[in-house]
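Peer 1: Take this structure first; my questions come after.
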Amino acid sequence: MVASMATSAFFPVPSSSSVASAKAPKPINEGPERLGIRGIVAKPASQSGAMEVKAQAQAIPKVNGTKVGLKAEAQTVEDDAPSAPRTFYNQLPDWSFLFAAITTIFLAAEKQFTLIDWKPRRPDMLADAFGLGKIMQDGLVFRQNFSIRSYEIGADRTASIETLMNHLQETALNHARSAGLLVDGFGSTPEMTKKNLIWVVTKMQILVERYPSWEDVVEVDTWVASSGKNGMRRDWHVHDYRTGETVLRATSVWVMMNKLTRRLSKIPEEVRAEIGRYFVDCDPIIDEDSRKVQKLEDNTADYIKRGLNPRWGDLDINQHVNNVKYIGWILESTPISILESHELAGMTLEYRRECGRDSVLQSLTAISNHGSNCSPEAGIECQHLLRLESGAEITRGRTEWRPKRAQGLQNMGPLPAGST
């Protein structure tokens, strides 16, 4: 329909009446002076060039039984001035109304656009808006920012330890991907993939200075270094994006395991050539805690949580339980009185065995230190063990707890009754 209108605008189509008149044959015995067609009588025009046309009805109509006579007025068509020639330009339609409509629409859209506030409320929201991270210091350090989401905070209105641990794991993987080493599995290099090797963590040590709150932005730096002959160390430094204050420091040791045999493996020279150029020659960000993590038994544990089952969502790409999940299971047997009054300040984990989806686990906790004189303001130290029902150890752990900082909740208002 639009195409037809556009075509007719540029190439006018003659009307049906004109076509009919052009095709109608001229009556016989009729000259140019007189033309009679169904009661229409044409008379010669006057000297002024006008033509009078009189129309007479063949039948007299009736209205309410009364005859009514109709008489058409004579019409005069002036033919003094010759008509303008029909050219392409004077046949163009008048587009002014369309231009006016388009201008009105654009003005309305511009007004609505200016009413929308596209500027972020806080400048730190612009920091790494897409969370892609970047390589720094000649490719040796990887940095990535994370915004604390509402679903990542717990009952204390701060980010949980699992949230922070997930940030550490994410930056480690993105570091390997940015370096072009991520092919298959969690951080597997091309040579590791050929030899069916994967990375597994054997030890992790964490110190938490403070826990970020909702809408805070944390900046995570990570790098790798050599650890012995067949290990790799990875460190993290998490700090507040706005203030620069340290949020968390962590160090870990990783070794290689054969994905098919599930046994530990030495680092092949081909793999060492791939990753060796990214190693940083520096000390661990945390001094190693050389204290031995005690093994717990049923008679030495104060609290035991049984019947812990991995879910399908707990498995990672290598088909074993994600190491972050172990932290949640360890806290399952921590007494609620400690969780309500204290916050986790430090943690040391030793991973002994992997856990599959069909495993059934037990979580054991023993409170080894209540602080001096059992004062509620003092810190608490706990020993932990995560094991299978058969008794095989999965993870040993030691946690340190400090009293919660009430001043950190002042900006959020008082906690609901019964939450502390």
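Each residue, glycine too, has its Cβ placed from N, Cα and C.
Note that TrEMBL annotation is computational and uncurated.
Quick paste from TrEMBL:
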DOMAIN    1-128  domain 'Acyl-ACP-thioesterase N-terminal'
REGION    12-36  region 'Disordered'
COMPBIAS  12-27  compositional bias 'Low complexity'
DOMAIN    139-275  domain 'Acyl-ACP thioesterase N-terminal hotdog'
DOMAIN    300-402  domain 'Acyl-ACP thioesterase-like C-terminal'
REGION    397-420  region 'Disordered'
Peer 1: Take the domain 'Acyl-ACP thioesterase N-terminal hotdog' (139-275) and count its residues per DSSP category (helix H/G/I, strand E/B, coil), listing them in that order.
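Peer 2: Helix (H, G, I), strand (E, B), coil: 33 helix, 61 strand, 43 coil.
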Peer 1: What mean pLDDT does the predicted model reach across the domain 'Acyl-ACP thioesterase N-terminal hotdog' (139-275)?
Peer 2: 92
Peer 1: Just to be sure I understand, if DSSP states are collapsed into helix, strand and coil, how many residues of the domain 'Acyl-ACP thioesterase-like C-terminal' (300-402) fall in each?
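Peer 2: Counting residues per DSSP class in the domain 'Acyl-ACP thioesterase-like C-terminal' (300-402), I get 22 helix, 46 strand, 35 coil.
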